[in-house]
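Right, one structure below, let's go through it.
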Amino acid sequence: MSIADETVSWNQDSILSRDLFSATSAELCYENLNRSCVRSPYSPGPRLILYAVFGFGAVLAVCGNLLVMTSILHFRQLHSPANFLVASLACADFLVGVMVMPFSMVRSVEGCWYFGDSYCKLHTCFDVSFCYCSLFHLCFISVDRYIAVSDPLAYPTRFTASVSGKCITFSWLLSISYGFSLIYTGASEAGLEDLVSSLTCVGGCQIAVNQTWVFINFSVFLIPTLVMITVYSKIFLIAKQQAQNIEKMSKQTARASDSYKDRVAKRERKAAKTLGIAVAAFLLSWLPYFIDSFIDAFLGFITPTYVYEILVWIVYYNSAMNPLIYAFFYPWFRKAIKLTVTGKILRENSSTTNLFSE
């Protein structure tokens, strides 16, 4: 999302200060229009590098999350309430890679918006909506993991497919409603009319956000974030206690193999750890952006444009991180990827393939 990347703090510069590169002289986004925004293009070398970096992120977000969705939806062994949440999260990140990143890439490198005023607003709505959708999904996933770790045997009856569906529906409906109401009602621009008028030009895409809405945006981000931090703190305390109890019982009984309950608890702790890393990656990507946006709104938008864009693209790259995290920690996901890319997923009864080693 780029709530702030669409705000009054944006101008027509791109991700790194043009002064850092040998840029050509200033041009216009539309040479034949008097109201055209000024464009300061990069020289060919840096321009190619930026397109490669941003394009790689978009491709990774699209392909990686598509693999996650395909794996979970195709293989029956992965059909669980928790995994459906993960697939829905991957869908939000996939849409960032398809609907947001390519257009932001052109704007960041070229310094102009070439996709029309209507799609400027729609692009911002997608940006905001998919961001908060990811956030809400991660929050619900953390609650799911807490239930699974704290009471693994009762977990299947507490977090059912119905509960998962309600969480998914809530995440999508709330985030889309919030994103579109923020942009299309014009409430975020209240009190900034003169500034908006002075910044308006053809080839620009600035959506002004006043201090009130910056505070609301930050609050909507902060509340689920605090929930996730609190829940995962409890998860790791419980996991640590369970590990100590299992070790103590193993020594006392000298048993050769773990009980079913212990194996379930171990599996749930591993899942909680992996998804905890995904949450940590999300927070590390998003916190700097939101903190800077919040402070900057009350200091007159003094943050240099290139700093904003660096933060924004760190945020965008977060959409590509989760598939990499799953691939690193989940053997079943690596096996699913292999079956998919080799075409074996097209074979008859491939959906019943055993993806787990244990």
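Count begins at 1; order follows the chain as displayed.
Note that Cβ sites are derived from N, Cα and C of the backbone, with glycine treated the same way.
The N-linked glycosylation site entry in Swiss-Prot, when matched to the candidates ASN210, ASN217, corresponds to ASN210.
Candidates considered were CYS91, CYS112, CYS120; Swiss-Prot assigns the disulfide partner of CYS205 as CYS120.
The disulfide bond recorded by Swiss-Prot for CYS201 reaches one of CYS37, CYS63; that cysteine is CYS37.
Membrane topology per Swiss-Prot: TYR42 and LYS234 sit on opposite sides, carrying different topological domain names. With the fewest other C-beta atoms within 10 Å around its C-beta, CYS120 stands out among the disulfide-bonded residues CYS120, CYS205. Using a cut-off of 8 Å between Cβ atoms, the transmembrane segment (84-104) and the transmembrane segment (213-233) share fewer than three residue pairs, counting only pairs 6 or more apart in sequence. Here the glycosylation sites are ASN34, ASN210, and the one with the most other Cβ atoms within 10 Å of its Cβ is ASN210. Proximity to ASN34 (N-linked glycosylation site), judged by a C-alpha distance within 10 Å, picks out CYS201 from the recorded positions CYS120, CYS201, CYS205, ASN210.
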